[in-house]
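What TrEMBL lists as region 'Disordered' is 226-263. According to TrEMBL, the transmembrane segment annotation covers 12-33, 97-117, 129-149, 189-207.
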Amino acid sequence: MQRPTIDDFREIRRGLPAVAALLFVAALAFPMWRISVDAVQYPSTTLRVSLYAYPHLTGDFIEMARLNHYVGFYFPDPVLVEPNFPVEENAIDVPEWSLGPVAFIGVSLLSVFVAVAPTVDKLKRGLKYQFGGTVLVFTVMLADIQYRLWEAGHTLDPGAPVMGVAGFTPPLWGQYQVANITSVSRFGLGAYMAATAVGLLAVSYYYRDQAATFSELPARFRNGLTGLPDAVRDRDGDTDDEEDAPHHPTTTAAEPDKPETHS
């Protein structure tokens, strides 16, 4: 079976999936999500916690767990692996958190598999399924995370010290307040790396029918930007020509009178 050469990876449609594969794996080393918290219990500092694609927390997660205890909101239990933080008895079970690395490594291996496709036809077909499959995987992951956040915010511990806290859903991105605790959620570097990798797959899919190389990409980009105004002008010009053209009513030639016949 013929495999692509090193020179073949200068093509955008082969090189970018290989780069995306590296980004997917490297993203596991960085936080996917960051949370900063301000509370009256810590008047002189802002607590910060980083969450990874696997059950691992860094930052002030011990102090934040104490704050969450007041309202009965706990870090989830990953079930399948032992996390680096204490798990509360009433925490919700989120076993899929333990499978985060499987998803990232899976899409990474698929990117490599597509990049080394032996023929152009298999490469183009692989790029289509790779891009669609990766978007589907991360869409499902984001939907699952949002659901688990809703579940955690609506299954508060009834024995929490602060009573009467209404159910809430922490956003993936944004600010929210629970009792006297104000939190801000932001994506971490790992999430941006994964998003960049998906963007690279989109570009490689766009160039799937062209043997364009990386050295040609800047010129193609410039030509695309400079050609856009011309295309718009041409389109507008065609429209103006149609509007300015004189209107000629359509007439139908009258049939000649038939001579009268006398019987």
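The backbone N, Cα and C atoms fix where each Cβ goes, glycine too.
Automatic, uncurated: that is what TrEMBL annotation is.
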May I ask for the residues of the chain that lie six or more residues beyond the transmembrane segment (12-33) and have a Cβ under 8 Å from a Cβ within it?
4, 50-54, 58, 100-101, 104-105, 107-109, 111-112, 114-115, 123-124, 127, 130, 172, 185-191, 193-194, 196-198, 200-201, 203-205, 207-208, 210-214, 217
Other parts of the chain folded back onto the transmembrane segment (129-149), taken as Cβ under 8 Å at six or more residues beyond its ends:
17, 76, 92, 94, 96, 100, 103, 106-107, 110-111, 114, 169-172, 194, 198, 201-202, 204-205
Same-chain Cβ contacts of the transmembrane segment (97-117) under 8 Å, 6 or more residues past its ends?
3-4, 9, 14-15, 17-18, 20-22, 24-25, 27-28, 52-55, 76, 78-81, 123, 126-127, 130, 133-134, 137, 141, 194, 197, 201
